[in-house]
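> Per Swiss-Prot, Zn(2+) binding site is recorded for HIS68, HIS70, HIS238, ASP313, and the stated evidence type is sequence analysis. If you look up Swiss-Prot, you'll see HIS68, HIS70, HIS238, ASP313 marked as Fe(3+) binding site. The 4-imidazolone-5-propanoate binding site annotation in Swiss-Prot covers ARG77, TYR140, HIS173, GLN241, THR318. Positions annotated as N-formimidoyl-L-glutamate binding site by Swiss-Prot, on the basis of sequence analysis: TYR140, ASN315, GLY317.
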Amino acid sequence: MKPTVWHHLRLCPHGHPDETIDDAAIAVDETGAIVWLGACAALPHGYAHWRREDLHGAWVTPGLVDCHTHLVYGGTRADEFAQRLAGVSYEEIARQGGGIVSTVRATRAADETALFVQAAARLQPLLAEGVTAIEIKSGYGLDLASERKMLRVARQLGERFPVSVYTTFLGAHALPPEYAGRADAYIDEICERMLPTLADEGLIDAVDVFCERIGFSLAQTERVFEAATRRGLPVKLHAEQLSDAGGTALAARYHALSADHLEFLDEAGIEAMKAAGTVAVLLPGAYYFIRETQLPPIDLLRRHGVPIALATDHNPGTSPLESLLLTMNLGCTLFRMTVPEVLQGVTRHAAAALGRADRHGALEVGRQADFAVWSVGSLAELAYWIGRPLCEQVVRGGTTVFRRMIG
């Protein structure tokens, strides 16, 4: 690429609407790295002959980060939607053989090509909203071959689309049918065979567990965390979504990158997260879709200074959501979060939830130039509009990878 100065823009370099630069410029060298940013009036003369791109006063933020998704899977669960509307609970559907296990059947039956095509269709709307980094979990295979297949597809998405993909092994998502009544034996399989094999194949960036009364116990979760730690892999946790199981305190003991959901999180768990530097990832799409009533303890998280991230939690059963902007709106309207909180929640704090705060979530000299250009009058509009296409352009490594066609 040619060295380029992007100029006449309004810059929000760290995802906070109160920390902005009017009439700003960003200089990006031939490697795609930011070499200078600041007010246009202060642009050094050495950049005078670089290629220019005039953004005509548009807002620029760091590329968005979706830090919790289950993007790769087979089929849908639209039939369960009708059951939920009739009053059947998430837990009851799972006990009937639906829920996660029904998606496991569809995912096992699909080949890599089919999974890639389906996941690519889910990824593209996120890219068109300014997402430049995304986490993708496994967890719908629940055997070595199928988990490998999911993680390989996730890696392929990162190779073939202009987005940084981080993979999370979620083998401990549910109990596969062949292990019915033998949860400890399945944890043996995860710890002794699946996790080591997939780690050796370079398919895992982090390890997650669904710690819940319909998932895995604290003791089983700790076994998976121990296996991950032996491999030098960071951990994260689905925690306190349906009950206060104490998973967050366990996650904090292992210095987890994040604990996610957290509707039933108590103050002791919050204190443990703060001490460990664990990010709280809230998932308002799932809260909305399954009509939860227990709000996450937002005020306590604020009071203790725990960083809060937001994510789509895209999955077929509880959050078939393909919009991080709508997630921001739900964070404001359902969780009573502020605009600065939700914007940092999909930039700086989301990057921290992936352990990648040094690479994503902010625009600084020396970093890769990943940013989104917005056709809005104020940054509050990113969380205000519902369904309006707001992203004009997405730049990754200094190259425009998406441009919205107008007219």
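A Cβ is built for glycine as well, from the same backbone N, Cα and C atoms used for every other residue.
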> Do you see any of the binding-site residues ARG77, TYR140, GLN241, ASN315 whose C-alpha is within 10 Å of HIS70 (Zn(2+) binding site), and which ones?
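Those near HIS70 (Zn(2+) binding site) - Cα within 10 Å - are TYR140, ASN315, in sequence order.
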> If you count other CB atoms within 10 A of each CB, which of GLN241, ASN315 wins among these binding-site residues?
GLN241
> If you measure from the Cα of ARG77 (4-imidazolone-5-propanoate binding site), which of the binding-site residues HIS68, HIS238, ASP313, ASN315, GLY317 is the nearest?
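Closest by Cα distance to ARG77 (4-imidazolone-5-propanoate binding site) among the binding-site residues HIS68, HIS238, ASP313, ASN315, GLY317: GLY317.
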> Using a 10 angstroms cut-off on Cβ to Cβ distances, just flag whichever of ARG77, HIS173, HIS238 is the loneliest among these binding-site residues.
ARG77
> What is the number of other Cβ atoms found within 10 Å of the Cβ of THR318 (4-imidazolone-5-propanoate binding site)?
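Excluding its own Cβ, the number within 10 Å is 25.
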> Counting across all protein chains shown, how many other Cβ atoms sit within 10 Å of the Cβ of HIS68 (Zn(2+) binding site)?
31
> Between the Cα atoms of HIS238 (Zn(2+) binding site) and HIS173 (4-imidazolone-5-propanoate binding site), what distance do you get, rounded to the nearest Å?
9
> According to DSSP, collapsed to three classes, what secondary structure does HIS173 (4-imidazolone-5-propanoate binding site) have?
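Note: HIS173 (4-imidazolone-5-propanoate binding site) is coil by DSSP, not helix or strand.
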> With Cβ-Cβ distance below 8 Å and at least 6 positions apart along the chain, what are the contacts of TYR140 (4-imidazolone-5-propanoate binding site)? List them in sequence order.
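Residues satisfying the criterion: HIS70, VAL72, TYR73, GLY74, ILE100, THR103, VAL104, ALA106, THR107, SER146, MET150, HIS173.
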> Please give me the CB contact count at 10 A for ASP313 (Zn(2+) binding site), counting all chains in the structure.
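Looking across every protein chain shown, the total is 27.
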> Neighbour count first, Cβ atoms within 10 Å, every protein chain included; then name which of HIS70, GLY317 tops the list of binding-site residues.
HIS70
> List the residues in the vicinity of the Fe(3+) site, defined as same-chain residues other than HIS68, HIS70, HIS238, ASP313 with C-beta within 8 angstroms of the site's C-beta centre.
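My list of surrounding residues reads THR69, LYS137, ASP260, HIS261, LEU283, ALA286, ALA311, HIS314, ASN315, SER319.
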> Using C-alpha atoms only, work out the spacing between ASN315 (N-formimidoyl-L-glutamate binding site) and HIS68 (Zn(2+) binding site) and round it to an integer in Å.
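Spelling it out, the Cα of ASN315 (N-formimidoyl-L-glutamate binding site) and the Cα of HIS68 (Zn(2+) binding site) are 10 Å apart.
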> Rounded to a whole angstrom, what is the C-alpha distance between ASP313 (Zn(2+) binding site) and GLN241 (4-imidazolone-5-propanoate binding site)?
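A Cα-Cα distance of 13 Å.
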> Just the number: how many Å between the Cα atoms of GLN241 (4-imidazolone-5-propanoate binding site) and GLY317 (N-formimidoyl-L-glutamate binding site)?
15
